[in-house]
Amino acid sequence: MAPAKKRNVSSKANVKKIKIDLEGIVERILKSRKHANDVFDILEFLQSEKEKDITCAVDACCKLFCTFLKRKDLFIGKLPGEDEAIKGEHSPDEKYKIFMRHRYNNCVEILLEHLNHETHGVKESALCCLMKFAAGQGLHPLEDLDWSEHFSFPRELIQAVVHNILSQSSDNSLLISRFQEFLEMEDVRYYVMSSIRDNVATVMDKSKGVVLPVYQSNVFTLMLNINMPSQDSELTNFMVKQEAKHEDWKAAKLHDHKRAFERMWLGFLKYKLPNSMYKKVLVILHDSILPHMSKPTLMIDFLTAAYDVGGAISLLALNGLFVLIHQHNLDYPDFYKKLYNLLEPSVFHVKYRARFFHLANLFLSSSHLPVYLVAAFAKRLARLALTAPPTALLIVLPFIYNLIRRHPSCRVLIHKPSSEDELLEDPYVMKEVDPALCHALESSLWEIKTLQKHYHPDVAKAAMLINTPLSEQEDDISEVLEITSYELMERDLKPTESKSFPLEFETAAHLLERRGEVLGQHFCLA
């Protein structure tokens, strides 16, 4: 144990010594230009294999070059090559600034590479240093432009940061969560959204649209961390405040933020995604994406493509389509036809069953739906109920009853008057994909009658309700949406407690007690 402890102390001492040495080098360089070549010592530590050496060097570089930016000791304008600067007719002052500008560029390149370092501590240090450089360049631009006509912002540096964060080989979700702090600044957010759109187009076109799970996961995580403002008055936090015409800057306008947000998402979603990512996008679509788009109906292509994937993804896609129809007046005549075709036996056995029936109940809540459509849904659910598990039947039966309550014209499905020419076969066509052509109104809900003989008493009891006039009040299906087979079995195995049952007469609860008192008085008198 003792030697290990000694090594730890030695290691800490070495780190402290390196830190002091680097701070001393920075002070010498800042104090006198004759020590300019000492900057190579800092850059050498910056490329070390030891994490502590790198983080100490990052801090040193951050202090050194941020000070140079403030002092304007870095060359401003189109940077000439180092050989050209030495041979050219530049003053000693210009040569020094050109030299240091090249060292600054070297430092930035190394830090960008460190954004994909295997150690998170190095990644985080490099990211924070680069964003400090970005803030310094915003205040003290390295471009020689007329800033009364242009807006100063380090777009190229932000683009390079985004490019390296969106790795194609390593999961950078932890680094992206650290980057969220900078996304709270309006101008950073605006240019990051533009950078994401450009980067996605470049990478996905290069891969010819092939799914890149790691890369697309990083992109999705970064976009998910973007919190959009809802009003122009909220645009107050800027990394760079423009000295002139700040209000004319695109980064200061909510309308341009929405356009950048919209283009970013549309540019990402136009490529094929991993199946798991479709679900993640569709779950947040109506809350986190559509409200911040200037034209939400542009999502129709993505939603249509997502529906074709099948399964839970199709259901979630219909949820997005429903929002566009209901809130944005989208004309989508095949919506209910697609929902009808999602009614398959598999919906009773998958984990998204509760969400399916919750959304289906929402979609079919309108009282203005045509009778044939509601009848088709009720009949299809009744047919599927013949092979459904008890937990699903406790959802399906109240669901069908609610449909009939909302649309009294569908009561014809419950009672079919017997006649001499009554058909012996059910006219309903289960395989028909169009609810208008399935002949549901010509049939009846005989399946529910069959379920009255179900082995599970709760199901049989629920099916018996169709024999009595249905009440006007709808059943609340939310209580049974999440019920599992285990919970149902546990409920059945519980010992039944004595319950009070409703009677048609008032019970004489105190009759025997009263009689006992009278008898007691007789005995006392005797």
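The backbone N, Cα and C atoms fix where each Cβ goes, and this holds for glycine too.
Residues or ranges marked as domain 'CCAAT-binding factor' in TrEMBL: 314-463. The transmembrane segment annotation in TrEMBL covers 302-325, 356-377, 384-404.
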Same-chain residues near the transmembrane segment (384-404), Cβ under 8 Å, at least 6 residues beyond its ends: 343-345, 347-349, 353, 357, 360-361, 364, 374, 377-378, 410-411, 413-414, 445, 447-448, 450-451, 454, 456, 458-459, 462-463, 465-466, 470, 474-475, 477, 480-481, 483-485, 488
Tertiary contacts of the transmembrane segment (356-377), as residues 6+ beyond its ends and Cβ separation under 8 Å: 315, 318-319, 322, 335-336, 339-340, 342-343, 347, 395, 399, 402-403, 406-407, 409-410, 413, 435-436, 438, 440-441, 477-478, 481
Within the domain 'CCAAT-binding factor' (314-463), residues counted as helix, strand or coil by DSSP: 94 helix, 0 strand, 56 coil
Local confidence of the domain 'CCAAT-binding factor' (314-463) - pLDDT mean: 85
